[in-house]
Structures are given as structure tokens and as C-alpha cells.
Amino acid sequence: MAGELKVLNALDSAKTQWYHFTAIVIAGMGFFTDAYDLFSISLVTKLLGRIYYFNPASKSPGSLPPNVSAAVNGVAFCGTLAGQLFFGWLGDKMGRKKVYGMTLMLMVICCLASGLSFGSSAKGVMATLCFFRFWLGFGIGGDYPLSATIMSEYANKRTRGAFIAAVFAMQGFGNLTGGIVAIIVSAAFKSRFDAPAYRDDRAGSTVPQADYAWRIVLMFGAIPALLTYYWRMKMPETARYTALVAKNAKQAAADMTQVLNVEIVEEQEKADEVARREQFGLFSRQFLRRHGRHLLGTTVCWFVLDIAFYSSNLFQKDIYTAVQWLPKADTMSALEEMFKISRAQTLVALCGTIPGYWFTVFFIDIIGRFVIQLGGFFFMTAFMLGLAVPYHHWTTPGNHIGFVVMYAFTFFFANFGPNSTTFIVPAEIFPARLRSTCHGISAAAGKAGAIVGSFGFLYAAQNTDASKTDAGYPPGIGVRNSLFLLAGCNVIGFFFTFLVPESKGKSLEELSGENEDDDDVPEAPATADHRTAPAPPA
């Protein structure tokens with residue numbers, strides 16, 4: 001059976017080596033770029049509104065119309081959802097390595113193209129920006145299932161959770177870097193091209209050179225991805241794909257002999273046995289019986305998590321303004337507003353986002369995925385209710401810092417919780433031939449939640465008083481009631497977590513059932529000695 005292949009046992013029992021850290025960096029830089037590209041748009045949307053939708057007769061600075069704002073913020077998510085499904089499926093058909101290079105180059109090209117968006121009118125610029133950001137999202141979508149699957153299939157079973165979590169944790173550094181780059185760019189432009197506040201000089205508050213600032217911020221995301229392309233192409237195909245899907249256990253053993261620096265000689269009889277096994281498909285009764293509830297659990301948990309996570313993250317600048325943590329827009333110039341929004345996001349990333357990711361890295365193989373996800377949903381619910389119930393208290397002068405601290409704790413427990421585990425678990429519990437596909441389906445459900453959050457929150461969080469809504473928006477239910485809705489999403493995620501098995505300390509084949517016969521009867525424990533001997537000197 002699959003678990004008796006020496007090459008897979010060697011991977012499961014391998015000590016932590018240099019190649020593990022190399023794989024983390026190579027896969028992680030893709031996620032660094034993912035996070036940078038998806039979240040950096042929230043840093044420049046206010047600036048885009050001032051540049052392209054300026055109305056000299058208005059008392060407030062220009063802002064993106066509701067439909068344009070929804071498109072600019074949400075179109076990349078639509079692309080990501082499509083990319084997760086397509087590249088997830090393709091990764092199981094063509095192999096992880098072949099598809100991995102495609103997604104990275106698509107990300108690099110579209111990242112640069114986003115910053116070069118052109119047009120003679122506001123509509124033209126926004127249309128080209130949305131076009132390129134859709135295909136950027138398409139490439140980013142492919143990185144989700146492929147990075148998770150590659151890292152899970154390379155890792156040993158003792159520290160697999162930490163390794164996959166470390167790849168995902170690069171998102172935190174992507175968020176942080178996005179804020180830092182935006183701070184540096186806006187500060188540099190502001191220093192060179194100083195401008196008065198909007199209420200002092202409506203036209204002069206946005207200098208023409210500001211049009212370069214947002215383009216530089218968006219294009220910078222291509223650099224780290226481009227730097228890792230060579231090493232991504234040098235990685236061998238994962239042994240589990242080669243042995244269990246491509247049915248070439250001898251090639252898998254040869255590849256891992258070089259990677260692990262040990263001699264692995266696969267027995268032909270066992271390799272032939274694996275090759276002959278009948279395998280069920282995604283839409284079969286066997287899959288539904290073995291993994292149907294698991295896939296339901298991973299998709300629902302990721303869906304409701306991303307409604308809460310992305311609605312808060314993408315529009316945190318609006319929340320800061322609502323509690324008066326940022327000055328009113330008309331008291332700032334365009335570049336000053338970009339600087340202060342970026343500073344706020346950087347502070348949250350540094351204090352709330354990054355620590356949560358790395359707490360997961362350090363503790364996931366100690367306390368397990370189930371406890372972390374359950375606890376994360378619980379505390380996210382508690383802190384969102386803590387923000388919503390006394391919301392009027394938080395919006396009174398003197399209490400704004402407390403609001404931001406509570407908000408940061410919500411992000412901390414999202415990242416030391418379901419935002420990490422929903423990414424990790426789907427890469428562990430499904431069969432190798434369907435692993436990338438099922439991870440893509442789960443991730444696509446998450447992005448559907450992100451679309452609901454990012455589009456819906458634009459409207460839902462509007463003030464209930466029509467005279468106090470943003471220009472072009474109908475009255476909503478307000479930030480307070482929106483927080484109640486997001487807390488409800490977390491409660492749903494809490495209960496659906498019980499459908500997902502604990503994967504700590506188990507081999508991928510044990511979790512997926514690839515060690516079992518077709519009648520679901522577990523194999524007797526293997527007694528053969530599968531130790532590997534050191535490779536002979538070159």
C-alpha cells in the first residue's frame with residue numbers, strides 16, 4: 001500500500017533539513033506576493049478616488065463610485081476564485097511543479113501591468129486596472145492549492161503543520177511590506193511635492209505626481225515573486241505525486257535520494273502494487289463516504305472565515321475613520337491621507353497580524369489544528385461582540401485606542417486560528433490524486449466569502465442615516481450591526497469545525513485513507529524495516 005513505499009516513509013520520518021527551509025522560502029514568497037497584491041489596493045483606493053473622481057464643487061475629496069470601488073476591490077478575488085479551481089484541478093492532472101511556474105509568471109506580468117493601467121479617462125484607467133487585477137488574481141489563485149500541497153508533500157509528519165503554516169505566514173510579511181512601501185512612497189512624494197489640505201485648496205491638494213505613487217506601490221509586488229522563479233523551477237516534483245499519481249515510485253525514490261541525501265531503493269513489487277490500485281474520483285460514492293463531510297467542513301469554515309476576515313481587512317481604513325482614529329479626509333492632502341492609511345495598516349499588521357501567524361507556526365504541531373481553529377473562531381466571535389455591543393462607547397473621544405486594540409486582537413485570533421488552519425488542513429486530509437483539487441475547492445469557497453465580505457461590507461457598513469452615507473451609497477445597517485453579522489459567521493465556523501479531523505502527527509496516507517483497501521478495512525501495521533542507508537559518497 002501507499003504507506004509501505006520506502007520513499008514516503010523516508011519523507012515522513014526525515015529530520016528537519018535545509019531543503020525544508022528552502023521549500024518554505026520558495027513557496028512562501030508566492031504568498032508574500034499574494035498578500036501584498038491583494039491588500040495593497042486598499043492602501044491606494046482613496047488616492048484613486050481623489051485623482052480620477054475629483055469634483056471641484058464638492059466639499060469632500062473625490063471618492064470611487066460604489067460600483068467602481070466594488071470592482072477595484074473585488075475583481076482580484078473573482079480571478080482568485082477561478083484560479084483556485086482551475087489550477088487546483090490542473091495541479092492534480094499535470095503535476096505540482098509544471099503548474100507552479102505558470103502561476104508565478106502570470107502573477108509577475110499582471111502585477112506590473114496593473115501599475116501600467118492606461119486610458120484617457122477615469123473609466124479607461126479603472127477598466128484596464130480591473131482587467132489586469134482579475135488575471136493577477138487568477139495567478140494568485142493557483143498559488144493557494146499548489147503551495148500548500150507542495151509543502152505538505154515535502155514535509156515530515158512531525159513538523160508538517162509548522163512548515164505549511166510558515167508558508168502561509170508569509171502573508172503577514174506581505175501585508176506589512178505593502179504598508180511600509182506605501183509609507184515610503186507617499187512620504188517621499190509628499191516631501192518632494194507638498195500640497196495643502198483639501199479644504200484649503202481643493203484642486204491643489206492632489207498634485208499631478210500622485211498618479212505615479214499608486215502605480216509604484218502596485219508594481220513593487222512583482223519583485224519578490226520574480227526573484228524566486230528560478231528556484232521554483234529547480235524544485236523536483238513531489239514524491240507523493242510521482243509515486244501515487246504518476247505511478248512512478250522508482251523516479252520518486254531517485255528524486256528524494258538527491259533531496260534527502262540518503263539512498264532510497266524502492267521495491268518493484270510494492271511499486272507495482274500501488275500502480276495497480278483502483279482509485280476513486282472526486283464525484284464517486286467512495287469519495288463522498290470517506291471525505292464528503294471533510295470537504296463540507298473545510299469549505300464552510302473557509303467561506304465564513306473569509307467573510308469576516310476580508311470585510312474587516314480590506315476596509316479597515318473606513319473603520320479607522322469611523323472611530324476618528326484617522327483625521328477627516330478634507331483636513332489632509334491626497335498623499336498625506338495615503339500615508340496615514342498606510343501607517344494604520346502597518347501598525348495592525350505588526351501588532352495583530354504577524355504575531356498570530358507565527359503563534360500558529362510554533363504551536364500547531366503541539367496543540368493541533370482542531371484546537372487552534374476552534375479557539376480562533378471562539379475568540380473572534382468574542383472580540384467582534386466586544387466591539388459591537390458597546391460600539392457607541394468606542395466611538396466617543398478618548399476610547400479610540402481601545403477600539404484599535406480590540407480590532408487587533410480580532411486579527412490576532414483570526415491568524416492564530418482559522419485563517420491559518422483553513423489553509424493547512426485541506427492540504428493534509430485528502431488523497432494525493434485529489435489533494436490539489438480539494439484544496440482549490442476549499443480555497444475557492446473562502447474567496448467566495450471574501451467576495452461577499454468585500455462587496456457586501458461596502459454597502460452594509462454605510463450609516464443608517466441617508467444623509468451620512470458615502471457619496472453614491474444607499475443607507476446600510478451601520479458598522480455596529482455589520483460586526484454582529486460577522487460575529488454570526490464566526491459562530492457558524494465554530495460548529496462546522498467539528499466536521500474536520502485532527503491531522504497532527506499523522507502521515508498524509510493515513511489521513512487520506514490511501515493506506516486502506518477498497519473495502520475500507522485498514523491494513524495491518526507494517527513490520528518491515530524501512531530505514532534508509534546514507535548515500536554513498538559522490
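Here the Cβ of each residue, glycine as well, is placed from N, Cα and C on the backbone.
Nobody curates TrEMBL annotations by hand; they come from automatic prediction.
Pulled from TrEMBL, these are the features on record:
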- 511-522: compositional bias 'Acidic residues' (COMPBIAS)
- 23-505: domain 'Major facilitator superfamily (MFS) profile' (DOMAIN)
- 507-538: region 'Disordered' (REGION)
- 21-48: transmembrane segment (TRANSMEM)
- 68-87: transmembrane segment (TRANSMEM)
- 99-118: transmembrane segment (TRANSMEM)
- 162-189: transmembrane segment (TRANSMEM)
- 212-231: transmembrane segment (TRANSMEM)
- 295-315: transmembrane segment (TRANSMEM)
- 347-367: transmembrane segment (TRANSMEM)
- 374-394: transmembrane segment (TRANSMEM)
- 400-417: transmembrane segment (TRANSMEM)
- 438-461: transmembrane segment (TRANSMEM)
- 481-500: transmembrane segment (TRANSMEM)
Segment confidence, the domain 'Major facilitator superfamily (MFS) profile' (23-505), expressed as mean pLDDT: 87
Leading contact stretch, 68-87, 295-315, 374-394 vs the transmembrane segment (438-461) - CB distance under 8 Å: 295-315
Segment-segment contact (the transmembrane segment (347-367); the transmembrane segment (162-189)) at 3 or more Cβ pairs under 8 Å: yes
Two-stretch contact, the transmembrane segment (295-315) and the transmembrane segment (481-500), at least three Cβ pairs under 8 Å: yes
Close approaches to the transmembrane segment (99-118) from elsewhere in its chain (Cβ under 8 angstroms; 6 or more beyond its ends): 30, 33-34, 37, 83, 87, 90-91, 124-126, 128-129, 132-133, 135-136, 138-143, 146, 150, 214-219, 221-222, 225-226, 228-229, 232-233, 235
